Each structure stands twice: as C-alpha cells, then as structure tokens.
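A.B. asks: Pulled these from TrEMBL:
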type	residues	note
TRANSMEM	62-88	transmembrane segment
TRANSMEM	94-113	transmembrane segment
TRANSMEM	134-157	transmembrane segment
TRANSMEM	169-191	transmembrane segment
TRANSMEM	198-215	transmembrane segment
TRANSMEM	227-246	transmembrane segment
TRANSMEM	266-290	transmembrane segment
TRANSMEM	324-342	transmembrane segment
TRANSMEM	354-376	transmembrane segment
TRANSMEM	382-405	transmembrane segment
Amino acid sequence: MSVKSHSDIEKVATLEESGSILGVPSSALKWHQRLRNVGVESRGIRPIAMEDRTDGQYNRILFLWIAMSFNLLPFSAGTLGPIAFGLSVRDSCLVILFFNVLCCIPPAYFCTWGPKMGMRQMIQARFSFGKFGVLLPVVLNLIGMIGFCILSCILGGQTLAAVADYHLSWSVGVVIISLVSLLVSFMGYTVLHWYERLSWAPVIIAVLVALGTGGKHLSNPTPAAPATAQAVLSFASVMAGFVLTWSPLSSDFTCYMRPEAPSHRIFIYSYVGLLFPVVTLQCLGAAVAACLGNVASWQDGYDQGSVGGLLAAMLAPAHGFGKFLVVLLSLGLVGNVAATFYSVSLNFQMLMPFLIVVPRYIFSIIATAIVIPLSIVGAHHFYATLNNFLALIGYWASAFTIIILEEHFIFRGGKASSYDISTWNTARELPTGIASLGAGLLSLGLVVPSIDQVWFVGPIAKHHRRHWV
C-alpha cells in the first residue's frame, strides 16, 4: 500500500466529481458543487487516501454506535423472547446477554480496519470475494439493510401514530421517519457523526421516565413454562442476527479516521457503544413483554399500535410530557435508519460499479424511495416480519464474517499492510472469489437442515425436536 497509489485514485476521483467524466449538464454540476460546498459528502466507494484520513475524534464511533443502538428496535427484538418463544424474563435475558457479548465482537473489530485501510467494509471484502464475486454478499447486505430500515420506519410510524391517539396514520409516521433519516444520511459522514453524537440522550431520558411510570409492574411477570433447547436456540439466532449484520457496514463509519488511530480504542468504543444499549434495551423489552398480560392499559396499547402503542401506554401517566417523550422515542430511530441509509448508498455503487461516478447522496434518495412504500405495505405485519427477518438474516452474516476473518488471519497474517489497496477496483489483481463463495455456499449444507423457525424446519432440527419434546 503506497501513498502514490492513493494519489492516483484521488486524481481520478477529482476528475469524476468535477464532471469531466460524468458528461452531465453544467447546471447539474453547479448544484453538485454547491452541495459539496455546504458539506454534503459526495464520495462513494473509492478508498480514502492516507492524507485525507484526518478525523482524530475517535470517541465519535462510541456515540455513533450508541445512537444506532439506543432506540426502540432492540427493545422490540427483546420482546420476542416471551412473546414469540415463550421464554421467561430470566431465560430471555441470559440469552440476550451471552449471545450479544459474543456477537458484538466482529462488528467492533471490523471498525478498527477503517483507519488502517481507508476502505468501506464491502470494498474490503473484495480482497476475499473478488470484484464480481462480492456482488452476492452485496445483494444480501442490501436486503438486510433495507429490511432493518423498513422495520425501524414501521416502528417509528406506529409510535408517532400512538402519540396522536391514532388520528395520524401509520403511513404518515413512516414517511416522517424516512424523510428525517434521509436528510441526515444525505449530508454524509460529518453530519452523520454530529447527529449521532447528540440524538441518543433524549432517548435515554424517555426510557428512564418510562421505567419510572411503569416500573412497578415489572416485578410481577407472567409465569413461563420451562425453557426448551429449541426455544433458546431459536431466540439466540434472532439475537445473533440483530448484531452480526452490522459487520458488513462497520468500517464505513471509521474510514476517515487517522491511519495511526489506536485500534484498541476504536474497538472498545465500538464494542461498548453497541453492546450496552442493545443488551439493556433487549432485556427491558423482555421484561415488559412478560408483564404485558397483567397490565390492561399496556395490553390495549400493544393491541392497537404494537410496540409503539405499548410505549405510549407506559408513558401515559406522564400526560403531555409523556406524549412528548414518545415523539422523542420515535425520532430516536432516525439515528439507526440514517446510518443504514448511508451504507445502503455505498452498496448500491458496488452493486452497479458503472455508477461509481454518481454522487453518493443520490443513492440515499433512492433508498428512501424503496423503503417508504415497503414499510407502508408491511406495517401491519411488524412482529412476524421482525421475527422471521432477524432469524434469516443472521445466517448469511455469520458465514460472511467467518470468511473475512479467515482471509485476514490465515492468509494475510492479520496485517493491514498485506492489502494492496491500489488494486481495489482491478478484477484481475483481486481473488476470483470462487473459494470464498464456495465456502459460504457449503456452509448452507449444515445450516439449512438445522434451521428451526416458523417458516421452515430442517430435517436435523426435526430429529432433535422429537428428542427435546
């Protein structure tokens, strides 16, 4: 990896961004330049040159992960333990704790690669899967990211509707959350980090007040049947899918940081920022869900507006201030959606490499146009979508993570210097990807027969289910 190779990359980038390669009308170029002048990031998937990795505020990544994780989505995932799998609060919390402690390690570790290599995460994956072989993981990553955006927008829309006593439709709420998220992701890296540094604090206040108004009900959960291995492992797969799917995005958020950034600090900030909000809110979600049947107002709120209605019911004793806090809870999802939109825009460029010259922010608009209608259509099937989606998406993310780590440690000795970044876009100098794709597909030979979900039960799972019963 040489500075000279990065300089060559930057020369091409400058020509493309100035319009010399785009061949677009001068009026469009003027608007593009104006947006860049006010701080909109136009850079897409090109590696960041060493001299341009100047961000020394390393604690930004801590606040970014907190903002992306401290919202209603992990709370909703935690409720699946008692509601979908019949687990007690104790068993749900143990699964949440142990599997998150393990599964938060890969995304936090991949964050340390951004400063060293200056590459977006799925561009780095080209060094394992090849320029064209990586398209399959990119497609799966896009499906996963858009799926999470849909879930978050549905949840935000339901919560805003609950604040307005359902005089505001879920669809309007979805549009509001989506457009606010678009605004943040449109601006790019700098504004995204600035917003995430601030957005999580009101959510923490809202959660603390909700505990104050409804915490007295959490001491009497509905008794649950003894946990089965089937229920524990199924819920564990949902928990793994929730955090492992951050791995294909991780270095997107750190690639502007200085090359000499201390890896241990980046890792600790990322790990703590992801683990503690997720575990706290998922355990809280499990505790609230286990008490749902004992509190009539909570049950009514849940029946009317799913998780959003439930939170509105918990905060109802605070009257007008409670409604204000519910609005803050719904807007807390913007931090998650905006960061995901940001990575979606980069993955669109990878999926269609000839669009590398199109500014990144255009794809944020496209992502929003995709998410809004799908969120509106799926709004009334939130829980089934959440459960099935999280269980399914974790399978490919696990295989992807292992393949990237094997490449890095076994074949490259764990050294960032072993990646010749000047070849990032040259297919003949990158691996063919046959080995990585083969390893990923072969893993399905064990995964698919072992799946035990509502939508599919494999033969191995059926065999063990008979023994568990």
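Every residue gets a Cβ built from N, Cα and C, even glycine.
Curation plays no part in TrEMBL annotations; they are all automatic predictions.
Explain the structural surroundings of these features, please.
C.D. replies: Same-chain residues lying 6 or more positions outside the transmembrane segment (94-113) and placing a CB less than 8 Å from one of its CB atoms are 61, 78, 81, 87, 119, 121, 124, 232, 235-236, 239-240, 243-244, 246-247, 249-251, 253-254, 263, 266-267, 270-271, 274-275, 278-279, 282-283, 286, 401, 404-405, 416.
Tertiary proximity for the transmembrane segment (169-191) is limited to same-chain residues at least six positions away from its ends with a CB under 8 Å from its CB atoms, namely 39-43, 149, 152-154, 156-161, 253, 256, 330-331, 333-334, 337-339, 341-342, 345, 360-361, 364-365, 367-368, 371-372, 375-376, 379-380.
Residues 58-59, 61-66, 68-72, 74-83, 87-89, 92-93, 96-97, 100-101, 104-105, 107-109, 111-112, 114-115, 200, 207, 211, 214, 218, 221-222, 224, 239, 242-243, 246, 250, 254, 257, 298, 307, 310, 314 of the same chain lie 6 or more positions beyond the ends of the transmembrane segment (266-290) yet place their CB under 8 Å from a CB of it.
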